[in-house]
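TrEMBL annotations:
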TRANSMEM  46-70  transmembrane segment
TRANSMEM  77-94  transmembrane segment
TRANSMEM  114-133  transmembrane segment
TRANSMEM  163-183  transmembrane segment
TRANSMEM  245-266  transmembrane segment
TRANSMEM  287-309  transmembrane segment
TRANSMEM  315-333  transmembrane segment
TRANSMEM  345-373  transmembrane segment
Amino acid sequence: TTLIFTGIYNAITGAVYGVPMPVQPMKSIAAVAISSTAEDFGIPEIMAAGICTGGILFVLGISGLMQLVFNIIPLSVVRGIQLSQGLAFAMSAVKYIRKEQNFTKSKSVGDRPWLGLDGLVLALVCVLFIVLVNGDGEEKEEEEEEEEDGSRGRRRRRRIRSFVANVPSALLIFLLGVVLAFIRKPSIVHDIRFGPSKMKVVRITKKAWKNGFLKGTIPQLPLSVLNSVVAVCKLSYDLFPEKEFSAASVSMTVGLMNMVGCWFGAMPTCHGAGGLAGQYKFGGRSGGCVALLGVAKMVLGLVLGGSLVGILDKFPVGVLGALLLFAGIELAMAARDMNTKGDAFVMLICTAVSLGSNAAIGFVAGILLYVVLWMRNYKRSTLPLRSDEHP
């Protein structure tokens, strides 16, 4: 169900925005669901949290309040949130690469062996492959003129570099992981059932609405406002300055996705700066790539919807960590435009507090620090000069 609905979302948002706008699970709601029992926070509570979060975001968008929030939040605070999210992704990726994971219990279970179908060597080879294909992510401008001596050799080397740069590294590594999943557990083939999962309207009780709002919506809402709307719009302008769309429209699309899909059991979803950075890192430059991704997800959901969980359960986690590492680094690199000491100071304090607690507290700390510094500088600028300071 989640694949089918998110596939539709991908196709629509790719066409509407014209950039590789990601559709990804709401992280705070997912974290509460993973760490709780089905009785305390099960599917009805998850869906209630998604519907409430989506409804609030839709109201903020259609009323214009989200655009106001986007306009008044300092860029240094946004960069602090982006840097903290990027570093958090990268540190999680390193943990995935180094340690074996038990996602059922949300903890590491020991050091990853060097060899094997999910070994450390395989993960490091994937990391090196991505570096060789994508480099540092900086796009090289073509030379305007070629020297006469050795021009044929230069053209040949340029063609080779162009071919390597166009290799879909993320797709190849993902396909490698799927193949290894079947090799690790060949009996998966016998468990494959064709057809989608059963789709039905989720029954949400009054208690589920209450628990979903208190445990899911409240911690998710600040993250959605900051990372799913504000940070996405800022990062999209950095990566695609020719594409213009408002924070209000992004807020409304996130709201609509959850106000529709969650009633049928689709995981609460949002956009995200980390997902956008990951799409860009691995070659996404238009809405067409996520639209194609959406079609692929819909096909998978309709054809193999009831069997994919068993396949993905054996996907090598070290390979997943290699992909996540570069997505996190790409997001963190957005902070490199903080050129003044004051902006960098606010950004780093916001990052440190976010990593030590959560993005909402980091945002509040960044805003308070920005206001204090602004008042301090304003007061100093309005003080009269002493007699010895006059020109």
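Every residue gets a Cβ built from N, Cα and C, even glycine.
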Candidate ranges 46-70, 287-309, 315-333, 345-373 - greatest C-beta contact count to the transmembrane segment (245-266) (under 8 angstroms): 46-70
Recorded stretches the transmembrane segment (315-333) and the transmembrane segment (114-133) touching, at least 3 CB pairs under 8 Å: yes
CB contact flag for the transmembrane segment (345-373) and the transmembrane segment (77-94), at least three pairs under 8 A: yes
Remote residues contacting the transmembrane segment (114-133) - C-beta distance under 8 A, at least 6 residues beyond either end: 97-98, 100, 164-165, 167, 169-170, 172-173, 176, 180, 183-184, 316-319, 321-323, 325-326
